[in-house]
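Q: One structure, pasted below without further comment.
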Amino acid sequence: MRSFDEQIHRIFFRWGLIAHNHRLLLFILPLIFTAIFSFGFYWIKEQTTIDPRFVFSPEDAPWRYELGVLSEHWPTDEQSFWPGKSYDYHGYVDVIVAGKEDAQYGRPNVLQLAYIDEVDRINKFIINNVTIPVEHDGKTYDIGFTDLCMSYEWKCYLNDHITMLMPKKRWGNFEGQIAEFASDIIEREVKITYPIGWRGSEPIYFGALVGKPHLTDEEGHFDYAKAIRLTYNVRDEKVGNISYLWRKKLAKYLTDKENPPSEILEFGMFHNESLPEGLQDVANTLGPRFALTSLILFFFCVGSSIVLINHSGFMGIDWVRTFSKVFKGLFCPLLAIASAFGSILWTGALYNAIVNVSPFIVICIGIDDMFIMVAAWHRTNPQLSVSRRLAETMAEAAVAITITSLTDMLTFGIGCLTTLPGVRLFCMYTFWGIFFTYAYQLTYFTAMMAYAGEMEDKGKHSLFIGHAMHPDEADTGFKQIFLTGSVSRTFDLKAKFRGPKVHFQTERLPEKTDAEDEQKPSWRSKFSGVMAKLETKMDKNDEDLASHHEQETFVNKLFREIYGPYLLAPATKIGVLAVYLVYISFAILGCVQVQEGLNPKTLVRRSFYLSDFYQLIDETFWEEGLQMQVVVNNPPDLFDPEQRARFANMMSQFENTPYTMNHNATMIWINAFETKLQSDFSDFNISLPTTSKEWYERCREWLITAGGRRLWEKDMVWGKNRSDPSAYNHLYAFRFQVGLRNYKTPTDHTNSCKLMRRIATNFREFNVTTFHEYYPFADQYNELKPALFRNCLLAVVCMLGVSLVMIPHYGAAFAIVAAIISIDIGVLGYMTFWGVRLESVSMITIIMSIGFSVDLSAHIAYAYVKAKGDSTKKAIEALETLGWPVFLGAGSTLVGIMVLATVDATIVQIFFKTIFLVIFSSMAHGLVFLPILLTIVVPHAHDRNEHEEEKPKEVEAPKELKLPEGKKREDFECASIDSKALSEVDIGDDNSKEEENEDRV
């Protein structure tokens, strides 16, 4: 029974014959399919998703439920809106204003009169002068902020806190006694304190308005602030497009580098389209880089494909064999990318800018396969017919390109199972890109190889189409350099490449009996007959030629006589072992120090305006001042002492954590209401409530006249049925806000999110829900490690299965898995030292590293198992056979991703760094560590399908072969299609022996 890899060899050998016979069809069909699939790009705009919360957060993330709770209790009302109370609208604009930083003294005090006046000027200009022209009924109107703003009782929020931060003497234009009276009221009723100030009985949360203040006393007065926060909230329902254009114009005004709005201020701006625009900005920079990558890879492939010819001591370029394949092979992954993206968009799948890195991966994988196929072609005997050479090439490259494509598709297919939509989208597009690359390698590129082979067979120049000159005919230096090639077909050249002449012993088949004539042919013989009709019939002259020539090349000599023996010397093995121990030790150290989380500021380019916002918020409000929402969906009886104490305990736990501010930063209506009750009792002798019913009735009455009514009513959910007093005065839910601090890094976001949710679960009877606008990113971080371990484990198991099937030795298969694990540990560990965090992008590349590591390691392991001799000879032969293609494949990938290092976006540089680590580590394992490991662990590895207990070949040889006189068996076993003895090769069906003996070797 044939092994799986033997079946692959047979199938690909026959496919080579078919591809040569139908090369025109196989050349045209991929072009037609690409043209059809490319129509899918028509829908790319409408299928593009720009919501970063969708892309970078799990679909089942808790924040989706938590945001739903807030939206259900307090839906956005454009006519009854207050900043900081709604999260399900899109018309917000946040602006952080700070003085320009001094290299020596840092940020100036934005409360100084010159700066605060400039802030006031900018604010008024935005409100009154930033307008959008709109045509209606033939007239043009200038629409500004006050026409579009969200309002409360028909009044826009105009950033009145700017005036409150000015000197109090400038709060009005009062004169005489009125001025004194106004000043007295201001001093008594207005308190500018941090984090909460007061305007009468209305609280003002300065924690979210003033950044990094310097406090002068325990009450919270401050004399310095690093930044001021401004907000502009515009409607989105009926005037959404106009609001969007207004926000775009505001962004252009504040971020104009040529004509900045202020000479002394810096601005950081964020609106709901900013992050999607930033991601698209990154994507737009990748298009030119991809074109540059293709150009660089073109020259790399062209340079590596140059074949030299030595004639009479003159080294020139063989223009017949140079460029003939790689020049055409570069188009294969480009067609695959267009087909993959187009076909996916045909199905209605979403698209996001994160997948724009996928083409870089696909083109590098396609070029890797191309190098393997071209190397296999060059190892075939040039004296063979083109169809036979193509068949030999496909048979030899079968396992290598199948392993490459299958393992990469498996790893990215496993990535499609993750709950992170961004990872899933990237893996889906890359999966189909690799699939089409593999399909087009077997069709389009194979057909192109057939045409290139025909040109080579006829001695045509690879660039100028016409026949190349024989070196003897070149009478000038120009002709010797640019026009010569290996075109001579003399007898001496044939003899040079001719292997031992092999004759088949054609046995006369016994005559069929009548009974046999009546038997119907089996389905296998029928299938073999159909396939035979599709194949190009091999030239019978090929029977006299060796399938592979033994021409000496510099690369062969380098690996066989220099690199291989040096690497496998005992002293070198000891040195390599020491190096590996250092490598793995530092890798493990890096793994235990890995940091999680994708900081939002890494998603955009440093030159994009959003990076200024993240820089300023990192210096100010991420350190202290942001607010977290705490929703009590099942409120306790706040009049009951026991339940009230339980609620107070919950508040205390929320307020006393490393990530929250003290009680003086908590905005909760209960404190204001009970202050009112005590004031009524002391000032007007109004008794305190004596029952729970009275407590809630008076609370509902207080809410009508409370100074902070417009704040508190947005935090409470009361009954609406006035005819039922008990239901009307029932408090169904309420919320309060807790001040946050130490919220700077993704790790802080994650730990804070976990802690707040854990506290909430400690009070299940209250059904508590917490939420902050950075929870979506925190949920991504929470999912990363479980998803990484789950996907990596599944991928390693799948790779083991593939290795056991494709590699004909179990020990070598497990050695490949060991290399995979080692590479993954190295990538994860060393990316920590390189400043890369574990987040969606690095997770993609770590998963990808499993497939890449199998690619390079499996090639060497397979060649080692199939090689003959002792362990050292087997390792050297493996390196000689596939070392150079492995090096070129890895090198082309490294060259291809180098342009990513020039993009000033951290998210792209994460791709570059992790892919660089993956490829470099995989190449080091494939060319250094793995050959030594194989010689130590499986020194006598052989094909498990060969039976050592038989002395098989010598006994059966006379039945199949006539050995030339003076020749030993070993002399012609090298003449094979896949490094196996000819006696092992069976490229046809058992019922087609006669046809095989006539047409095949």
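Heads up, the Cβ atoms here are built off N, Cα and C, so glycines get one too.
TrEMBL: automatically predicted annotations, no manual curation.
Pulled the feature table from TrEMBL, pasting it below:
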- 943-972: compositional bias 'Basic and acidic residues' (COMPBIAS)
- 986-1001: compositional bias 'Acidic residues' (COMPBIAS)
- 329-451: domain 'SSD' (DOMAIN)
- 943-1001: region 'Disordered' (REGION)
- 24-44: transmembrane segment (TRANSMEM)
- 290-309: transmembrane segment (TRANSMEM)
- 330-351: transmembrane segment (TRANSMEM)
- 357-377: transmembrane segment (TRANSMEM)
- 398-423: transmembrane segment (TRANSMEM)
- 429-452: transmembrane segment (TRANSMEM)
- 788-807: transmembrane segment (TRANSMEM)
- 813-834: transmembrane segment (TRANSMEM)
- 841-862: transmembrane segment (TRANSMEM)
- 882-903: transmembrane segment (TRANSMEM)
- 915-938: transmembrane segment (TRANSMEM)
Q: Can you break down the domain 'SSD' (329-451) into helix, strand and coil residue counts using DSSP?
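A: Going by DSSP assignments, the domain 'SSD' (329-451) contains 105 helix, 2 strand, 16 coil.
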Q: Taking pairs 6 or more apart in sequence, does the count of Cβ pairs under 8 Å between the transmembrane segment (813-834) and the transmembrane segment (290-309) hit 3 or more?
A: no
Q: Residues sitting near the transmembrane segment (788-807): Cβ under 8 Å, six or more positions beyond its termini, same chain?
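A: 4-5, 8, 399, 402-403, 406-407, 410-411, 414-415, 417-418, 813-814, 816-817, 820-821, 824, 838, 843, 846-847, 850-851, 854, 858, 861-862, 865.
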Q: Who are the long-range neighbours of the transmembrane segment (841-862) in its own chain, taking Cβ under 8 Å and residues 6 or more past its ends?
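A: Distant Cβ neighbours of the transmembrane segment (841-862) are 5, 354, 361, 365, 368, 372, 399-400, 403-404, 407-412, 414-415, 420, 423, 426-427, 430, 598, 784, 787-788, 791-792, 795-796, 799, 802-803, 806-808, 812-813, 815-816, 819-820, 823-824, 827-828, 831, 878-879, 882-883, 885-886, 889-890, 893, 907, 910-911, 914-915, 917-919, 921-923, 925-927, 930-931, 934.
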